[in-house]
Amino acid sequence: MAVHKVSFVAHLLVLGMFLLLVDAKACTKECGNFAYGICPRSQGTPDDPICTTCCAGYKGCNYYSANGTFICEGSSDPKNPNVCPQFCDPDIAYSKCPRSEGETIINPTGCTTCCTGYKGCYYFGQDGEFVCEGESDEPKSCTTECDPRVATISCPFSGLVKINQECINCCNADKGCELYDNDGSLICTGGEPQSAA
């Protein structure tokens, strides 16, 4: 009877592992054949303005003047861009988009496929037609600067630790780790989106 119970538990364990594997995202190693990709990203600065218009600007991106005044939200869908006049709006200096770092136009795309392409990036075939939006999360890039406010860190796996020579900030802290200042106030939790300070 004990053998049947062990066998049943073993089958449940194997089934659970199978379901985890099926649920996990695995991309094939085949290469895509994209001509280019578009990833709407923040561009320009008050001192180094971009050349665009509200018509040509990407949906989801906000456009600002050099003094920080909101001008407009872009109205062009990267999957089906607007046909717009070819001039620069002198009022627009920079944009703020959900994605901030990296190239806006990806060309060449290398071995990118729909599966390995980044979410929020749009990929186009050799004929210029929209193929797909990427499905993978883009790796987070963190600054290497130390946050001088951090005095202690509490991680679920290690407990409370005093920070001495360790260089840490809200971006590079392990997921779930809470960073505290000298007063014991929570600064942030690692692995969570941080608001711009």
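Using N, Cα and C of the backbone, Cβ positions are placed for all residues, glycine too.
Not measured: the values here are computed from a predicted model.
Residues annotated as signal peptide in Swiss-Prot: 1-24.
In the repeat '1' (24-80), helix, strand and coil residues by DSSP number 0 helix, 16 strand, 41 coil. Positions annotated as repeat '1' by Swiss-Prot: 24-80.
For CYS27-CYS115 (among others), the entry in Swiss-Prot reads disulfide bond. Counting only same-chain residues at least 6 apart in sequence, those with a Cβ under 8 Å from the Cβ of CYS27 (disulfide bond) are THR113, CYS115, THR116, SER136.
According to Swiss-Prot, the disulfide bond annotation covers CYS31-CYS111 (among others). Shown in sequence order, CYS31, GLY32 are the residues of the chain, 6+ apart in sequence, with a C-beta less than 8 angstroms from the C-beta of CYS111 (disulfide bond). Under the three-state DSSP scheme, CYS111 (disulfide bond) falls in the coil class.
The annotation disulfide bond is assigned in Swiss-Prot to CYS39-CYS121 (among others). Secondary structure from DSSP puts CYS121 (disulfide bond) in coil. Around CYS121 (disulfide bond), the same-chain residues six or more apart in sequence whose CB sits under 8 Å from its CB are GLY37, ILE38, CYS39, ILE106, GLU133, GLY134, GLU138, listed in sequence order.
When Cβ atoms from all protein chains are considered, those within 10 Å of CYS51 (disulfide bond) total 13, not counting its own. Per Swiss-Prot, the feature disulfide bond maps to CYS51-CYS88 (among others); the stated evidence is similarity to another entry.
Taken from Swiss-Prot, the feature disulfide bond covers CYS54-CYS72 (among others), and the record attributes it to similarity to another entry. Cβ-based neighbour count (10 Å, all protein chains) for CYS54 (disulfide bond) stands at 17.
Less than 8 angstroms from the CB of CYS55 (disulfide bond) sit SER75, SER76, ASN82, CYS84, PRO85, each of them six or more residues away in the same chain. According to Swiss-Prot, the disulfide bond annotation covers CYS55-CYS84 (among others).
Of all Cβ atoms in the shown protein chains, 20 besides its own fall within 10 Å of the Cβ of CYS97 (disulfide bond). According to Swiss-Prot, the feature disulfide bond maps to CYS61-CYS97 (among others), an assignment based on similarity to another entry.
The annotation repeat '2' is assigned in Swiss-Prot to 81-140.
Per Swiss-Prot, the feature disulfide bond maps to CYS114-CYS132 (among others); the stated evidence is similarity to another entry. Residues near CYS114 (disulfide bond) in space but far in sequence (CB under 8 A, at least 6 apart, same chain), listed by position: GLY32, TYR123, VAL131, CYS132, GLU133, GLY134, GLU135.
For 141-196, the entry in Swiss-Prot reads repeat '3'.
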Note to self: If I take the Cα of CYS88 (disulfide bond) as reference, which of the disulfide-bonded residues CYS54, CYS61, CYS72, CYS97 has the closest Cα?
What the structure shows: CYS54
Next item on the list: Would you kindly give the Cα-Cα distance separating CYS51 (disulfide bond) and CYS61 (disulfide bond), rounded to the nearest Å?
Entry: 14
Notebook entry, point to check: Rounded to the nearest angstrom, how far is the Cα of CYS72 (disulfide bond) from the Cα of CYS51 (disulfide bond)?
Noted result: 14
Checklist line | Neighbour tally for CYS84 (disulfide bond), based on other Cβ positions within 10 Å of its Cβ | finding: 14
Check: How many Å lie between the Cα of CYS72 (disulfide bond) and the Cα of CYS97 (disulfide bond)?
Finding: 12
Margin query: If I take the alpha carbons of CYS54 (disulfide bond) and CYS97 (disulfide bond), what is the distance between them in whole Å?
Written below: 14
